[in-house]
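Trainee: Below you will find the structure I want to go over with you.
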Amino acid sequence: AMGGNHTQPKFILLGITDTPWAQAPLFGLFLLIYIVTLVGNIGLMVLVWVAPSLHTPMYFFLTHFSLADVCYSTVISPKMLTDLLFGNKTISWAGCVAQFHLFALFVTAECHLLAAMAYDRHVAICHPLLYVTVVSPRTCWQLVAWSYLVGSLSALIYTSCTFGGSFCGPRQVDHFFCDVSPVLRLACSDTRGSEVTIFALATANGLGTSAIILLSYGRILHTVLGMHSAPSRARAFRTCASHLVSVSVFYGTLFFMYLQPASRHGSRDKVASVFYTVLSPMLNPFIYSLRNKEVKAALGKCRRRMLNRC
């Protein structure tokens, strides 16, 4: 039922802005952000891999979170950068479908990974004696596999709802990547059923995972406030602060984008999208590692080892 698409199998991405003088500075800025994203996230993954002190469930989840960050910023940023540099804004039908599908997969997986990380912190702080048995390596793999599985299935449904109808007329996607609402606006078949399905599934994923996070942090807060020693209270808060910051940035912009009716979408969407597609993946490694004694210690060890080899 891919009607209309065989006649003109291309979309045109209108991009972030059509102001000519803004293209070069934006290219420079987003190229820098993308490089920092890759270096930060891949660096964190390598560090966790080589430092035995970081072989814990929390950092296991964090490497997968970094992997998802690298994947979905790579799905979006290189295309956006070439568009800004060369002004060639066409994207093939297959390219558009693939871009949206992979983006939806990794973003959904991230929601579930954030929930797994909140559960991990909850067990560590509220049930420290059971931690090793409850959050076993097997459990960790199951939670990560679940995140990717739900991401894959959700992405299949989102993609078939978004691209299942027929498209006609000028295929200008008013965005810098193929996203749900700008693509659905171009459909000439009735999209209400698709919109309801996407909205329901996005709500289930978003609210389901954020409920787990809120419940976990509610329990953590209750436990922490009941602790008698100030140092252990401070340590518990520190462990959770970084996760909470990253959750707030990620969910704040996602909810703004996807939990509002299609008619309300406008130019502010692009600004919100830049937050979670470009800035959030760059900030995460810093949020998690700079405030973190364990990561700093592991980095110091690695640096000393490398200097000794030289």
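Placement of Cβ uses the backbone N, Cα and C atoms for every residue, glycine included.
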Trainee: Any idea which of 58-77, 118-137 is down as transmembrane segment in TrEMBL?
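Mentor: TrEMBL lists transmembrane segment for residues 58-77.
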Trainee: Where else in the chain does the transmembrane segment (236-259) make close Cβ contacts, counting only residues six or more beyond its ends and a cut-off under 8 Å?
Mentor: 107, 110-111, 114, 117-118, 121, 124-125, 180, 199, 202-203, 206, 210, 213, 217, 220, 223-224, 227, 269, 272-273, 275-276, 279-280, 283-284, 287-288, 291-292
Trainee: Among 26-51, 58-77, 196-215, point out the range having the most Cβ pairs under 8 angstroms from the transmembrane segment (97-117).
Mentor: 58-77
